[in-house]
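Features reported for this protein in TrEMBL:
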TRANSMEM  6-30  transmembrane segment
TRANSMEM  42-59  transmembrane segment
TRANSMEM  65-88  transmembrane segment
TRANSMEM  95-116  transmembrane segment
TRANSMEM  128-148  transmembrane segment
TRANSMEM  160-180  transmembrane segment
TRANSMEM  186-209  transmembrane segment
REGION    221-240  region 'Disordered'
Amino acid sequence: MAEPSFYIGVIGNVISVLVFLSPVETFWKIVKKKSTEEYKSLPYISTLLGSSLWTYYGIVTPGEYLVSTVNGFGALVEIIYVSLFLIYAPRHLKLNTVVVVALLNVFFPIAAIAATRSAFKDEKMRSQSMGFICAGLNIIMYGSPLSAMKTVVTTKSVKYMPFWLSFFLFLNGAIWAVYASLQHDVFLLVPNGVGFLFGTLQLILYGIYRNSKPAGLSNVSSEMSADEEEGLTSRAPLLS
């Protein structure tokens, strides 16, 4: 009979796949309009970086094949997103996007993998060093909701912090934190524990301000908040 961690991991995979696919509507609009308009590419580029490194971590760490499979799927999806950005980005942003993609999605992963393989001959040490890198990236990216939470408190409005996005951040972090606990994997536990905490705080804020009258948003803050919403959409999937 399979271990409980296997079933928890399967549930986590299903949730993570749904979150990875959440930006599909955004990219459908981009394809129809043949323009990325004001959407930003960095969140998707960052997600591709995280998914790629977590895939490698899952491959080199015994018993973590559920981590490698779902992040492998996520990396494939993010490659499609980033490719669409490169195709439809305005000419003045296309070169910058190519440079960032080359640095974060090609050079950095290759350098990180090469460094861990050359520095450590023991597979366990390689796995742990990659775990440190992945966990650090996830903690940074899970911190992205802080700006959106600040906007909610400042404006007393949850307009730019969608409920389902917050809920999936909470659920994704919770499921993978439980999985990490069962697997005794601190590199998975810490970033997903942080994701669970931020998701919980967002749901609390949503409960407090969902019926509040907005304090009024300037055009600038509205644009910033819209960017935050987009960033959350792509960063929430950063998993496991």
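Glycine too: its Cβ is placed from the backbone N, Cα and C atoms.
Contact between the transmembrane segment (42-59) and the transmembrane segment (95-116) holds: at least three of their C-beta pairs are under 8 Å, each pair 6 or more apart in sequence.
Take the transmembrane segment (65-88) and the stretches 6-30, 95-116, 160-180, 186-209: counting Cβ pairs under 8 Å, 6-30 has the most. In summary, the transmembrane segment (6-30) lies against the transmembrane segment (160-180): three or more C-beta pairs, each 6 or more positions apart in sequence, are under 8 Å. Below 8 angstroms of C-beta separation, residues 41-42, 45-46, 48-49, 52-53, 56, 82, 85-86, 89, 126, 129-130, 133 of the same chain, each at least six residues beyond the ends of the transmembrane segment (95-116), sit close to that stretch.
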